[in-house]
Amino acid sequence: MNDLKPFVAKVAAREALSREDARAAFEIIMSGAATPSQIGGFLMALRVRGETVDEIVGAVGAMRARMLPVEAPEDAIDIVGTGGDGAGTYNISTLASLIVAGAGVPVAKHGNRALSSKSGTADALSCLGVKLDIGPEAIARCIREAGVGFMFAQQHHSAMRHVGPTRVELGTRTIFNLLGPLSNPAGVKRQLVGVFAPQWVDPLAEVLRDLGSESIWVVHGEGLDEITTTGVTKVAELKDGKIRSFELTPESFGLARTTLDALKGGDGAHNAAALQAVLDGEENAYRDISLANAAASLMIAGRATDLAEGMAIGREALSSGAAKAALQRLITVSNAA
């Protein structure tokens, strides 16, 4: 079948799709066979009714089947947020990725330009001088030689061109905000995944377990798709096939609480300058929240045994200049492609 309308009708009637039906529906969308109106109607019907674990697993299957893969070490990690939280913060996962890479853990970062915020990872990295339009072999070289590589979602999920304009016109989060972090082209088994709403923490951990991930934290921090330093972060940890739920506070990391205003960013150039300032030694709320996310990532990767050790390793990566050097290597290697 090459017609999305029956699936639109089913979801509009508040029926859940099986994994097979969800995969079939997303195959139709990503093949270009659906119209923008059908795609918009389908995405919003899913959102209003609420996407199920099976629907997400099926959709990810369709995404992964069409993506352009990248080779990365077995122990590589991705630090990624769904976006769509509407908070307009600095590029926290981007800075955390550079800290983790500076600590010696390979990072295969998957991200995009901003859709529902002023600056996505790609916007900030582009302003810093990282070349984004490079092929899979060049990205693999970045991961090997720089310790960090950036996979620009549009290049690895070319079928997304069929939904991009509709997503921009809708201007709100859809299931695709959930699918991006679950469709890393390097096939990483270790991830820190931030989600835009607390109700998605546990379901996404289930999805990632069903998809074969090994060591995962899915987090939401008081309105942020990150571990937050403003209050409580809800966490679902996937390890050894089991899911454990718990909460963290800034005090869990030995950090003082901050306000959301202190974390507000701007456009790509503004956020790039703020990121560079932290790498150059500035201490502020942006540094603290990025260190917290890096510390958790170092635990997920098995590099740190607890958050205190993760914070110490992260601070050393900054103070020694190792995180800054990781960015410089990424700029150099990506531009040599």
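One is the number of the first residue shown, and numbering goes on along the chain from there.
Each residue, glycine too, has its Cβ placed from N, Cα and C.
Features reported for this protein in Swiss-Prot:
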BINDING   Gly81, Asn112  anthranilate 1 binding site
BINDING   Gly81, 84-85, Thr89, 91-94, 109-117, Thr121  5-phospho-alpha-D-ribose 1-diphosphate binding site
BINDING   Ser93, Glu226  Mg(2+) 1 binding site
BINDING   Arg167  anthranilate 2 binding site
BINDING   Asp225, Glu226  Mg(2+) 2 binding site
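Where Swiss-Prot records a feature, it is marked here on the structure.
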| residue | record | DSSP (3 states) |
| --- | --- | --- |
| Gly81 | anthranilate 1 binding site | strand |
| Thr89 | 5-phospho-alpha-D-ribose 1-diphosphate binding site | strand |
| His110 | 5-phospho-alpha-D-ribose 1-diphosphate binding site | strand |
| Arg167 | anthranilate 2 binding site | helix |
| Asp225 | Mg(2+) 2 binding site | coil |
Inter-residue C-alpha distance, Arg167 (anthranilate 2 binding site) and Ser93 (5-phospho-alpha-D-ribose 1-diphosphate binding site) (nearest angstrom):
22
Alpha-carbon spacing, Glu226 (Mg(2+) 1 binding site) to Gly81 (anthranilate 1 binding site), which is rounded to whole Å:
7
Could you measure between Asp225 (Mg(2+) 2 binding site) and Asn112 (anthranilate 1 binding site) for me? Cα positions, answer in whole angstrom.
15
Provide, as an integer number of angstrom, the distance between the C-alpha atoms of Gly81 (anthranilate 1 binding site) and Thr89 (5-phospho-alpha-D-ribose 1-diphosphate binding site).
12
Here the binding-site residues are His110, Arg167; which one has the lowest number of other Cβ atoms no more than 10 Å from its Cβ?
Arg167
Using the structure shown, find which entry in Thr89, Asn112 (the binding-site residues) has the sparsest Cβ neighbourhood within 10 Å.
Asn112
Give me the CA-CA distance between Asn112 (anthranilate 1 binding site) and Ser93 (5-phospho-alpha-D-ribose 1-diphosphate binding site), in Å, as a whole number.
12
Count the other Cβ atoms sitting within 10 Å of the Cβ of Ser93 (5-phospho-alpha-D-ribose 1-diphosphate binding site), across every protein chain shown.
25
